[in-house]
Amino acid sequence: MTIALGKFTKDQNDLFDIMDDWLRRDRFVFVGWSGLLLFPCAYFAVGGWFTGTTFVTSWYTHGLASSYLEGCNFLTAAVSTPANSLAHSLLLLWGPEAQGDLTRWCQLGGLWTFVALHGAFGLIGFMLRQFELARSVQLRPYNAIAFSGPIAVFVSVFLIYPLGQSGWFFAPSFGVAAIFRFILFFQGFHNWTLNPFHMMGVAGVLGAALLCAIHGATVENTLFEDGDGANTFRAFNPTQAEETYSMVTANRFWSQIFGVAFSNKRWLHFFMLFVPVTGLWMSALGVVGLALNLRAYDFVSQEIRAAEDPEFETFYTKNILLNEGIRAWMATQDQPHENLIFPEEVLPRGNAL
């Protein structure tokens with residue numbers, strides 16, 4: 001029996017190796033394999049949004065003006081969702097709705113699906129970029145894991161929620177005032193502020209802001225080695241090996257303030273990661289529930305008592321009446337194609353309004 005010993009050599013001109021060498025080359029802006037997804041999708045999403053807010057009307061989908069060309073400003077311009085009659089169509093430019101006509105495609109709301117889908121894949125590409133770079137420089141992938149929070153929120157709000165409803169029409173349009181209108185819609189039709197998943201999301205985001213402020217201030221407060229620079233940002237070499245702040249001093253300070261303090265830097269920073277990301281994940285789960293029209297808290301006993309006793313009212317019952325007012329106004333304004341006419345008995349009543 002003959003045993004051949006040797007090293008298998010690949011063809012030096014292998015296409016994969018050539019692409020890998022070019023994509024992962026050290027340059028000012030890293031490209032990488034993830035860049036093949038990130039850069040085109042981000043370019044099309046941002047470009048589609050600028051195009052829509054500049055030129056494209058929402059008259060045919062919402063009966064609204066939504067572009068700079070029509071007189072809107074940065075806060076009121078938007079790329080609006082397609083009409084409710086188009087349901088969940090992808091609205092491809094070459095599809096049966098637009099039939100290759102770019103003007104008709106814009107009028108039907110094709111830019112919204114274009115921006116939403118390219119935006120989602122662009123965000124995923126950015127997360128993959130963080131994975132790829134972390135692996136290249138031998139870091140842990142916690143940055144990419146943390147970025148899954150914003151991705152979960154974007155996908156749940158802009159894609160999963162309208163998929164659970166009758167069409168893309170019920171997703172948020174891409175604009176500042178349009179997002180505010182969507183928030184009011186969520187409150188009126190889903191009582192979103194009383195949803196425990198929303199509460200966890202608020203606690204996560206605001207708690208993270210508090211932790212960030214406390215952490216930054218504490219590190220600044222416990223600096224023990226000043227440099228020659230004019231300010232903090234110029235005083236230290238970013239590649240210095242030794243720390244220049246005191247964890248022991250910080251621990252002593254917060255132990256006196258609260259009675260407890262972080263004694264371990266890993267646990268401290270993991271907690272700062274855990275709080276906002278978990279909050280975002282929880283709020284995304286809540287939106288998925290709303291896509292299925294799941295209800296959260298309904299304090300029916302208070303509603304019944306408020307209906308029977310004119311002198312009994314709580315902040316909850318007042319909010320329920322406000323929600324009814326939002327629904328009564330929004331349903332007729334936002335869905336004129338439904339020809340909704342509300343009888344007097346279902347319109348808002350009582351002293352809450």
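Using the three backbone atoms N, Cα and C, a Cβ is placed for every residue, glycine included.
Positions annotated as chlorophyll a ChlzD2 binding site by Swiss-Prot: HIS118. Within 10 Å of the Cβ of HIS118 (chlorophyll a ChlzD2 binding site) there are 21 other Cβ atoms, across all protein chains.
Neighbours of ASN143 (pheophytin a binding site), defined as other CB atoms within 10 A of its CB across all chains, total 15. ASN143 (pheophytin a binding site) carries a helical DSSP state (H, G or I). For GLN130, ASN143, the entry in Swiss-Prot reads pheophytin a binding site, with the evidence type sequence analysis.
The feature chlorophyll a PD2 binding site is assigned by Swiss-Prot to HIS198. Just so you know, the Cβ of HIS198 (chlorophyll a PD2 binding site) picks up 22 other Cβ atoms within 10 Å once every protein chain is counted.
Within 10 Å of the C-beta of HIS215 (Fe cation binding site) we count 16 further C-beta atoms, all protein chains included. Under the heading Fe cation binding site, Swiss-Prot lists HIS215, HIS269.
According to Swiss-Prot, the plastoquinone binding site annotation covers HIS215, PHE262, on the basis of sequence analysis.
Marked as N-acetylthreonine by Swiss-Prot: THR2.
The phosphothreonine annotation in Swiss-Prot covers THR2.
Outside the transmembrane segment (41-61), and at least 6 residues removed from its termini, the chain residues within Cβ reach (under 8 Å) are 67-70, 72, 77-83, 106-109, 111-112, 114-115, 118-119, 121-122, 125-126, 169, 173-175. Residues annotated as transmembrane segment in Swiss-Prot, with sequence analysis given as evidence: 41-61 (among others).
Residues 24, 30, 32-35, 37-39, 41-42, 147-148, 151 of the same chain lie 6+ residues outside the transmembrane segment (125-141) yet bring a C-beta within less than 8 angstroms of a C-beta in it. Annotation source Swiss-Prot lists transmembrane segment at 125-141 (among others).
Among the features that Swiss-Prot reports, transmembrane segment is placed at 153-166 (among others). The list of residues near the transmembrane segment (153-166) in space but at least 6 beyond its ends in sequence, with Cβ under 8 angstroms from a Cβ of it, reads 81, 84, 87-88, 116, 119-120, 123, 172, 280, 283-285, 287-288, 290-293.
Beyond its flanks by at least six residues, the transmembrane segment (208-228) meets 234-236, 244-247, 249-250, 253-254, 268, 271-272, 275-276, 279 of its own chain at Cβ-Cβ distances under 8 Å. Marked as transmembrane segment by Swiss-Prot on the basis of sequence analysis: 208-228 (among others).
Among residues of the same chain six or more beyond the transmembrane segment (279-295), those with a C-beta under 8 A of the stretch's C-beta atoms are 148-150, 152-153, 155-157, 160-165, 186, 190-192, 195-198, 200-205, 207-208. Here Swiss-Prot flags 279-295 (among others) as transmembrane segment.
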Worksheet, complete the sentence: Listed in sequence order, the residues of the same chain lying six or more positions from PHE262 (plastoquinone binding site) whose CB sits under 8 Å from its CB are ASN251, TRP254, LEU268, PHE271
Item to complete: Could you check what DSSP calls HIS118 (chlorophyll a ChlzD2 binding site) once collapsed to helix, strand or coil?
Response: helix
Worksheet item: In angstrom units, rounded to an integer, how far apart are the Cα atoms of HIS215 (Fe cation binding site) and ASN143 (pheophytin a binding site)?
Response: 18
Discussion item. Tell me which of the binding-site residues HIS118, GLN130, ASN143 ends up closest to HIS198 (chlorophyll a PD2 binding site) in space, Cα to Cα.
Written reply: ASN143
Worksheet item: Nearest to HIS118 (chlorophyll a ChlzD2 binding site) by Cα distance: which of the binding-site residues GLN130, ASN143, HIS269 is it?
Response: GLN130
